[in-house]
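In Swiss-Prot this protein carries:
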- Cys10, Cys13, Cys32, Cys35: Zn(2+) binding site (BINDING)
- Pro143, Thr144, Gly145, Cys146, Gly147, Lys148, Thr149, Leu150: ATP binding site (BINDING)
- 1-51: domain 'ClpX-type ZB' (DOMAIN)
- 50-79: region 'Disordered' (REGION)
Amino acid sequence: MAKFDAHLKCSFCGKSQDQVRKLIAGPGVYICDECIDLCTEILDEELVDSQGNPRHSSESNRKSATASHKSGKPAPTLATIPKPQEIKNFLDKQVVGQEAAKKVLSVAVYNHYKRLAWQGDGQGETDLSATRLHKSNILLIGPTGCGKTLLAQTLAELLDVPFAVADATTLTEAGYVGEDVENILLRLLQKADMDVEHAQRGIIYVDEIDKIARKSENPSITRDVSGEGVQQALLKMLEGTVANVPPQGGRKHPYQDCIQIDTSQILFICGGAFIGLEDVVQRRLGRNAIGFMPSDGRGRSRANRDLKASQVLHHLEADDLVRYGLIPEFIGRIPVSAVLEPLDSQALESILTEPRDALVKQFSTLLSMDNVQLEFESDAVEAIAQEAHRRKTGARALRGIIEELMLDLMYDLPSKKNVKKFTVTRTMVDEHTGGKVLPLPANDERSHKESA
């Protein structure tokens, strides 16, 4: 046996057992004490960075990542937070109409960031008897193209905080194909240049939130991984928790380094069209009618039937959202709601010309780069707004109409050196929206129009 032991060698350096102090055996391999010392030195060198500071393990990395991403921007204070009236005035410059929704948003956002400033002063943490302030997330209900995303984006611009938009339709419950809910936080972190402290004061807008409603009012015995399952996964994030976010996105795994983000200071604004919600409200209003009122056979009284959809939604209650498919726990974490009105043709006209980034101003700026002055007649603006209203896609239809209308013009004008001014008339809009090809006027015709 001793003879056999004399032939044992280190699998790394090849020294025999007699040449080293200790030889440690493994499953079919051996390593000596000298090789162990060498490996320790190599690891020590790897764990020291270029500045001579020791590096940390993966668990410490998660903590140090949070600590190292200190925000270069100061935290909000009570003196720097804009007042509700100031917030609404800023929204008025960018968003046309929606007065009630602006008022609700202004107060909710002011209270949220006032709460952050109060916690930042330490008043809410040192005094155990002090009242603890909880955040109130916001639910925006309105048809497509009415300004839900623009309102949230404008708020983030005013407050100078990171802003991220997430699509609820791509989210699935953990363990299924699709995006985890933590990927929403990753988008916000990327907008903040991976600055955790700055990201924790940001705003996340979750669009198409109505698409994750469960398919029936009664709880299903089968798994709804993209509906009720997503609502369950979002509960803690909306309420406030420390979430582990993978820096590279995708699914999490146990051995992955994660960045920890506290969501208790992040304002979540959820928006959706909620098509058919007005019918749910009208059915409830019809059932609550007192006396023998004429009915249309669908549980709605004649008086309630004559209400517009937007007017009906002003009578919205939490029970209506439950019947629509949102679970009560989810609704309870979004206590503030605002209903946005559908845009009429008059509002669409204002959107074309009044806001800072109005479409007429955008296209005028584009053509001014080619030394061409672009003008829209008031009748032309009215015709564009009427066509957009007919298409039933809100303000999004305006850009599509103008892009189609200006295609030939923007194709030819850069090559025309003698054209200095162009006026869009109602006749041109009517010809285009009627399906006819809009020819670009000849040089003589343009010159004649300009001189007239």
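We count from 1, first residue shown onward.
Glycine is no exception: its Cβ is also placed from the backbone N, Cα and C atoms.
Annotated features, which come from Swiss-Prot, shown on the structure.
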{"residue": "Cys13", "record": "Zn(2+) binding site", "DSSP (3 states)": "coil"}
{"residue": "Cys32", "record": "Zn(2+) binding site", "DSSP (3 states)": "strand"}
{"residue": "Pro143", "record": "ATP binding site", "DSSP (3 states)": "coil"}
{"residue": "Thr149", "record": "ATP binding site", "DSSP (3 states)": "helix"}
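For the binding-site residues listed here (Pro143, Gly145, Gly147), the lowest count of other CB atoms within 10 A around the CB belongs to Pro143. A sphere of 10 angstroms centred on the C-beta of Leu150 (ATP binding site) encloses 19 other C-beta atoms.
Each of the binding-site residues Cys10, Cys13, Cys32, Cys146 was ranked by the number of other C-beta atoms within 10 Å, and first place falls to Cys146.
In sequence order, Val165, Tyr205, Asp207, Gly271 are the residues of the chain that are 6 or more apart from Thr149 (ATP binding site) and have a CB within less than 8 Å of its CB. The predicted model assigns the domain 'ClpX-type ZB' (1-51) a mean pLDDT of 77. Summary for the binding-site residues Cys35, Thr144, Lys148: the Cβ-based neighbour count within 10 Å is maximal at Lys148. Counting only the Cα atoms, the space from Lys148 (ATP binding site) to Cys32 (Zn(2+) binding site) is about 68 angstrom. Across the structure, Cys35 (Zn(2+) binding site) and Leu150 (ATP binding site) place their CA atoms 63 angstrom apart.
Compute the center of the Cβ atoms of Pro143, Thr144, Gly145, Cys146, Gly147, Lys148, Thr149, Leu150, which mark the site for ATP; besides them, the chain residues with Cβ within 8 Å of that center are Gly142, Gly271, Leu340, Gly394, Ala395, Arg396. Distances between the Cα of Cys32 (Zn(2+) binding site) and those of the binding-site residues Pro143, Cys146, Gly147 are shortest for Gly147. Residues Cys10, Cys13, Cys32, Cys35 make up the record's Zn(2+) site, and a Cβ search at 8 Å around their centroid adds Ser11, Phe12, Gly14, Lys15, Val20, Leu23, Tyr30, Ile31, Asp33, Glu34, Ile36 from the same chain.
If you take the Cα of Cys13 (Zn(2+) binding site) and the Cα of Leu150 (ATP binding site), they are about 67 angstrom apart, rounded to a whole number.
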